[in-house]
Amino acid sequence: MAEFETTFADLGLKAPILEALTDLGYEKPSPIQAECIPHLLDGRDVLGMAQTGSGKTAAFSLPLLNNIDPELRAPQILVLAPTRELAVQVAEAMTEFSKHMRGVNVVALYGGQRYDVQLRALRQGPQIVVGTPGRLLDHLKRGTLDLSKLSGLVLDEADEMLRMGFIEDVETIMAQIPEGHQTALFSATMPEAIRRITRRFMKEPQEVRIQSSVTTRPDISQSYWTAYGMRKNEALVRFLEAEDFDAAIIFVRTKNATLEVAEALERNGYNSAALNGDMNQALREQALERLKDGRLDILIATDVAARGLDVERISLVVNYDIPMDSESYVHRIGRTGRAGRAGRALLFVENRERRLLRNIERTMKLTIPEVELPNAELLSKRRLEKFAAKVQQQLESSDLDQYRALLAKIHATAEGEELDVETLAAALLKMAQGERSLIVPPVAPMRPRREFRDRDDSFDRRGDRNDRGPRGDREDRPKRERRDVGDMELYRIEVGRDDGVEVRHIVGAIANEGDISSRYIGNIKLFASHSTIELPKGMPGEVLQHFTRTRILNKPMNMQLLGDAQPRTERRGGGERREGGRGFGGERREGGRGFGGERREGGRGEGRRFSGERREGRAPGRDDASAPRRDDSAGRRRFGGDA
């Protein structure tokens, strides 16, 4: 078809944008880009119907950026997105597309981010504003967002905003925008409520319908794991140990993550390397050659760095960070299952990312099964199997005569008694394994396992709750059982009241940097120059090292373990306890981070755990009729085992 032969230069985009596209590896426009860009460049409204992953972000970003005035320090493009994750993704994409346009700034506004940070960004006069409806409406009410110079408005994933209950906020925002602007609306489906918006606010929009080109890959076994409790690095090591693979590629979202994951795998004995955009071509080619000839087994890469990668050895793909669109997911898992071989693909999904999983399933028209984290029994079995295979290989391929002679010398004890052969073999086996035991001890989960629910994904409202009135009486809510102090350890951090630190700062840093639900943070006491905090026992050494470097109000915590937490009755004064804190599993702290990991100004906000799971008293979720149904009764599969 003709549109596939079109280049971005043919569409009439300016040189700085074309240069950015070249840097990003874009070669030719996708169907939706080829159709939408000319209409938007000409100033027409566009109604786009396309699935997530079709390239619609570039379809609206490129032409609208092309038409802005970089000299005008005022919002000229406003993009509405249903979730903070999508808002951040769009803002990052538009920043990349405009990186060669001097003077162009992009800001993302969403619930959970501090207002002072957003206000400083708005005072700098950004030309592009991307945000969620609740926070954008709040800025409009406060008078901190001026849309008088707006020339372009985008509603991204409008059907998601409808399903999540934001459509009234969207209409309120659109009603406050001056006339004469250009509007682009994108939606995978077109329910009547969305049609009503198009009739009310859009001027003879050009309709663009694109069918998804994403197809299933029956030769690739796909599964996902709900990331909870254990840090993703530890979980990754367990999955790699449980799976038989020739070579693997692990996809992450950022350049820093490629290095961090590679270091974690190297510490656990895996021959791995990072592959990111900061590497020069020689280093990249060297890593690929090592992967091809077997000197390297695992690559950790970003999407951009892995473009064009084709290595037949790759039998496992791990999506360590879930991709933001379905097309990227298909491209990632397509790195395995090459040359007629079968492949496996594993996806890590955090609770707040379940919408992205649903998008992938909906686009690919399949249900991806969930797997359990490999347990100690399975890992022990794998280690024994691998060790037995190594022993068998030595028996079949090596000359063992000199070792038999050596064994005969140590076979007898100093007293002249014969040493039991099995005992001697067991001792040698233990020595051969070194510090890596063949028997894996069971690890207690960080928090109770919860089922992955296909409920309404309205987590973005967490940060906008203070705009929606009081929540009412909480007296009838069930109280949580307090965690046993015996499960906690006491840590000291070198920040205190004299540094301006508050309890909420500590809770936020621990929850965010340690990937720990704030309900698992115990008692906090503030002193003049330091503070103490109770955390669950069994913190991995790498997490403690990370906390040592983590900064609170620009001062490193320098965390160190003091010992087991003491019973409450033995503690007396001396410091400031966390405001409103109920310790482990209790209600959240005043002015602190909610259990969804967001910081709020003032009010309590909607109560969610850091993982995105609501506390008791949550409203029931709505069914998502368009997504494939899950059969929860079938249970989860064991990774690496039978389906």
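Heads up, the Cβ atoms here are built off N, Cα and C, so glycines get one too.
Of the given residue ranges 6-34, 93-121, 383-411, 412-440, Swiss-Prot assigns the label motif 'Q motif' to 6-34. Annotated by Swiss-Prot as motif 'DEAD box', the relevant range among 140-143, 156-159, 252-255 is 156-159. Note: the domain 'Helicase C-terminal' (232-379) comprises 62 helix, 30 strand, 56 coil (DSSP; helix = H, G, I, strand = E, B).
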